[in-house]
Amino acid sequence: MGKYIRPLSDAVFTIASDDLWIESLAIQQLHTTANLPNMQRVVGMPDLHPGRGYPIGAAFFSVGRFYPALVGNDIGCGMALWQTDILARKYNADKFEKRLSDLDDVAEESWLEENLPSAFAQHPWRNSLGSIGGGNHFVELQQIDQIIDAELFALAGLDAQHLQLLVHSGSRGLGQSILQRHIASFSHHGLPEGSDDALRYIAEHDDALAFARINRQLIALRIMQQVKATGSPVLDVAHNFVSACQIGDQQGWLHRKGATPDDNGLVIIPGSRGDYSWLVKPVANEKTLHSLAHGAGRKWGRTECKGRLAAKYTATQLSRTELGSRVICRDKQLIFEEAPQAYKSAESVVQCLVLAGLIIPVARLRPVLTLKNSGGKKG
């Protein structure tokens, strides 16, 4: 365990192995974050990669002050896994691809009126509910490929004969608006705990957390209705948020930016759209700020993807993967940005967490059909 949880300084740690590549800029950003006032410890996950000033795939613990900029603009972003009643042996790729290709990015008003929970019926951002969003957000039908721990798998309520549905999305424009207002007033200086401004941000942050969770539920509902299926939730875990937390004998604030909690039951670590995802049981560890990787982690920046890939692949070719799955994405730029080649191997990230003693693998899931934003509402 010790050789995989690596101290880079008194306050900076990474979960890493010799076989796992981590970009030097991401390490620099870890050190930069550790130098923020009141910051006590920062931990980079195996999927660590550079962000806009602060790293993604990391957890940060501060005392007396917290930093909304570390959470970023997609407050509440996370993963939700559903068990569907779609029989794997009866899955028809052509039929499902057509049905999901016909689904608009944004839910119709009539659908929202019928399906929105009453608590969100008048929410200012209600029209974004049920929509995936851009970037690395997606919905994916998956099939259990390998059961690694049969007992834990059975306890999870999963069924290997039927397909699973994985939803990765967040608070959409709501989180962005909260961060923009905060940065305009306070820049990157953070907020002293207990202040009126801190309490106001936490209230807005918690609203965005709830909004993101409901959004994932509504996305799953829209998808299942579109393919005439039903399902039940297995897990829903956010990886972008800040919360009050005690680490050792210190009471403070734990920020997670692309970091999955290890104290919230089973979690899923997704791969790229052409890679396996892994259902795992966390092993709680205070040294790593009770956090795990949230995915495979990028190895290429978005702006370089098309230049690296366009000479080898067309957008149509990228809509099929080496694992035999299909990808629906009418945004021709995004399909290059989110190509499997732009990401690390999910297995390398999972293996690093296993060697560090931080997870117990439960099952491996293979992508079947991935849906991403089309780049605008289909009309």
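Numbering starts at 1 and runs along the chain as displayed.
Glycine residues also receive a Cβ, built from the backbone N, Cα and C atoms like all the rest.
Long-range Cβ proximity for His137 (Mn(2+) 1 binding site), meaning a same-chain Cβ under 8 A and a gap of 6 or more residues, is found for Cys77, His168, Ser169, Gly170, Lys372, Asn373. Under DSSP, His137 (Mn(2+) 1 binding site) is assigned to coil, being neither helix nor strand in the three-state scheme. As annotated by Swiss-Prot, Mn(2+) 1 binding site applies to Asp74, Cys77, His137.
For Cys77, His168, His239, the entry in Swiss-Prot reads Mn(2+) 2 binding site.
Positions annotated as GMP binding site by Swiss-Prot: Asn136, His137, Phe138, Val139, Glu140, His239, Asn240, Ser277, His294, Gly295, Ala296, Gly297, Lys372. Cβ neighbour count for Asn136 (GMP binding site) (all protein chains, 10 Å cutoff from its Cβ): 23.
Sequence annotations record features per position, and here Swiss-Prot assigns active site, GMP-histidine intermediate to His294. Taking all protein chains in view, 30 other C-beta atoms sit within 10 angstroms of the C-beta of His294 (GMP binding site).
Between the listed binding-site residues, namely His168, His239, the fewest other CB atoms within 10 angstroms of a CB are found at His168. Listed in sequence order, Gly170, Ser171, Gly175, Gln176, Ala212, Asn240 are the same-chain residues six or more apart from Asp74 (Mn(2+) 1 binding site) with CB atoms under 8 A from its CB.
The separation of His239 (Mn(2+) 2 binding site) from Asn136 (GMP binding site), Cα to Cα, is 14 Å. Summary of the Mn(2+) 2 site environment: with the site residues Cys77, His168, His239 set aside, the chain residues having Cβ atoms within 8 Å of the Cβ mean position are Asp74, Gly78, Met79, His137, Ser169, Gly170, Ala238, Asn240, Gly258, His294. The Cβ of Glu140 (GMP binding site) lies under 8 Å from the Cβ of Leu165, Leu166, His168, Pro270, Arg273, Ser277, Pro367, Val368, Leu369, Thr370, Leu371, each of these being in the same chain and 6 or more residues away along the sequence. All protein chains included, Phe138 (GMP binding site) registers 23 other Cβ atoms within 10 Å of its own Cβ.
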